[in-house]
Amino acid sequence: MEAACVEDCCVKVAVHIRPLIGDEKLQGCKDCVFIVPGKPQVQIGSHSFTFDHVYGSSGSPSVTMFEECVAPLVDGLFQGYNATVLAYGQTGSGKTYTMGTGFKDGGQTGLVLQVMNTLFNKIETLKHQSEFQLHVSFIEIHKEEVIDLLDPDCISKSETTNGHTGKVASPRKPPIQIRETSNGVITLAGSTERSVKTLNEMADCLEQGSLNRATGSTNMNNQSSRSHAIFTITLEQMRKLNPTDSNDGHSSECMTEEYLCAKLHLVDLAGSERAKRTGSDGLRFKEGVHINKGLLALGNVISALGDEKKQREGTHVPYRDSKLTRLLQDSLGGNSRTFMIACISPADINAEETLNTLKYANRARNIQNKPVINRDPMSNEMLKMRQQLEYLQAELRARSGGGFSDEIQVLKDKIAWLEANNEELSRQLNEYRRRGSSTEKYETEVKSEMKLYGGFDTMALKQHFGKKIIELEEEKRAVQQERDRLLAEVENCAANSDGLSRKLQDMHSQKLKSLEAQIQDLKKKQENQVQLLKQKQESDEAAKHLEDEIQSIKAQKAQLQQKIKQEAEQFRLWKASWEKELVQLRKEGRRNEYERHKLVALNQRQKMVLQRKTEEAATATKRLKELLEARKSSARENSATGKGNGTNGQSYEKSLQRWLDHELEIMVNVHEVRHEYEKQSQVRAALEEELAVLRQVNEFASKGLISPKGKKGLSRALSMSPNARMARIASLGNMLSISSKSLVAMDSQLSEAEERDRAFSNRGCWNQLRSMGDAKNLLQYMFSSLADARCQHWEKELEIKEMKEQMRELIGVLRQSEIRRKEVEKDLKVREKPVTISLASSASAYPDKHFVDDTSGPLSPVPVRAQKQLKYSAGIASASFREAATSIDQTRKMEQLGQLSMKKPKAAGQGGKLWRCKRSHHQWLLQFKWKWQKPWRLSEWIRHDNETMMRARHRKRALPSH
Ligand SMILES: Nc1ncnc2c1ncn2[C@@H]1O[C@H](COP(=O)(O)OP(=O)(O)OP(=O)(O)O)[C@@H](O)[C@H]1O
């Protein structure tokens, strides 16, 4: 079979987004893939991709996928074009469902079954003008082995320890081999090719093969296909031609039949994900390696085929030895029309893999295929020869006005004789084909196949046929010689008659050529000018843009700081009032109310913390995006400065330094975003875990069952009322959605940064250094930057050391004050009665506002406590609230005692001790604050502490002296 007609076309890609499925819904996953309305465009995070079609979700309905993508390929089969439909995507993304190669849930609506229906309908309508023969093969590539799914002897299933269904090849049959024929066609030698006549027979083959496929379970799909499956339909047709009708519009007076053969490969690839995600065990890991090797190869094929330069250099075929690669390559970059269906899951937990799939799929669109019509080589050769002769005849007629009619007549006779001969040969060949087995389609294959399976009695036929081919070749050569002779005559004739005019023509064309060269030269110069102007304009714009961005970042920063302040204040006020209420409620013994409040408080607090964290992450992500954008424009600017002005060395040096600073900043920022990402992932995991427990408890409760013991957080969930549980579930759902959005945004930005980094290091990051001098200057700059950074680091370490020492001192003070406090408490107990009476009178005489001064300042236990609460921990409120409430009670008690000492020192009778108590309480607060505040705020509260001490001294002085 040979290429008779070639056309260029790219691999087409359709994205299929399946809906969220059971497990994903249970885990509270959210959609992270969005479709631009009315366009085949997909958005994920900050990335956006355009494909040929997008199905599912809010794209086109999946039912139209067959009509739009696959039906044209089936039509092409009848014209002799090979075709491939590939399903690509991570495990569980719906490849098997879409193709229908699993022949289970999606089997009835899968693409393969629709292909079969269309094929048989079309054959029915064309059977009066063509004879058809159909064959199918179904193979699986699993762990470096090609398995024939249609050979019942070949497959015997064995169950491995982890529930994986394995297979062993029968020892009776030689293994299937992927071979390349002399004309570069990849074939599968030894695979069963089953002849089918009806739709049911073909569907049986699909079902039998599907049942034999290897499946195993992964974290993401409990019936995961762990292999590549290729279902191939071969369509052979013997087309009856009308005398003037041929596929290419050329007359074919002598040929009455045309033989065409085309193949349709329907490929269900194994999951494209990294082994880590699938949670594969040892065996699965090996599988993963294999699958990933295949897909890596596929990825490389895609990327290399997309790279024009590599194509030109001829280095675009990686892993040359890999059979699998060759097979995939043949499907992807070969001579077939190819449609790739990239299956993706919309769930946010799969965002990373989905992004990878979309990137691959996007690159696949650059692959250029050259589909060919697969026509009988002899028909093809005849057609070519006829075309040449017709052309020559027309040429001769035009040049000589019919002067060579005798010779033409002779030639015509010869052609007629040749064609008659050819027709006879074609007839013999077709007869031979009809009689021969279906495995003898390609001559080259039949030679190799015969060796493999022993001699056939068709050898004699072959020899006879070979002889005929040689005869035909000789005839062909004779016709070619005739053609060359005619061409020479045509040229001779033209040279004699047009000698003079040819000379003039030559002169004219030479002049024209030189003028054209001048014009080209001028055009080039003009283009250079325009280019320079454009570069200048671009760098001006980039600088202005950067300036604007800096201003807007500054404004945003100020706004953010303001917002954080406001929120902290709101939170402080709310917490103070809430704790007051809480204490009240507890006193009244309203436990339920207390629990409810506790829960509401927990929800609100966690949400606030999450929002703040998300805002921080968003700011870091935004900054990273801006830096990456800025990198692009500064790279342009640098190259413009580097090329444009060789004398302005200083500005070039400055721009190199800016570039270095910028790169360092990007690195730090990427680190920050990655850190935020890790934190956010932990938060998300904790939320998911709690949500799952609450849901489980709810489910069991609704069925009146007792929840199984042993899960973390179960007892807390059980102690909650149904309403409280529902409220908590809703709140967790809300928080999960916030967390997901933030994760997707960060993920997308990080992947962008990694990609750019890769591209950047591939181009060679130091390429912009023009000379050794530049390099030395930049090294000098780096050295001084590093020295600065180290000095700062040393200073910071010193500061930390000092602070640690201060902290140790404070701890000592606290211990002493604790001892003193205990002493005072002992004393107080002894005098409890008179003190209580005095307290009552003191409280009525001096209402709350007197001690608000001391408790509402930054040293107050309320905001101090809040610092600890801000640290996120998923789960139902713990003892911290009780602790906080107790500490408030205790603090107030002490404050009141303090006031008592100030206002009624005599009544207490222990002025000195009470004052000490007040002071030790103050130190306790100090320690409390120290424990929960960030260490770098130490100086701030030491200052505050001094002010408080001053105020206290003031008060002390104001006290009446007794
Ligand atoms: N369009 C869809 N509508 C509803 N459910 C779907 C759809 N696509 C896939 N599913 C479901 O998703 C699950 C995974 O699908 P499938 O087995 O086809 O994935 P896969 O990509 O072939 O996975 P693997 O690579 O692991 O074999 C199945 O339970 C399937 O029923």
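Heads up, residue numbers simply count up from 1 along the chain you see.
Placement of Cβ uses the backbone N, Cα and C atoms for every residue, glycine included.
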(request) From the ranges 250-277, 278-305, 670-697, pick the one that TrEMBL records as coiled coil. (result) 670-697
(message) Between 44-71, 184-211, 408-435, 912-939, I'd like to know which one TrEMBL lists as coiled coil.
(response) 408-435
(message) Considering every residue in the domain 'Kinesin motor' (10-367), what is the mean pLDDT value?
(response) 73
(request) Give the helix, strand or coil assignment DSSP yields for THR91 (ATP binding site). (result) coil
(request) Could you tell me which of these binding-site residues, GLN90, THR91, SER93, has the greatest number of Cβ atoms within 10 Å of its own Cβ? (result) SER93
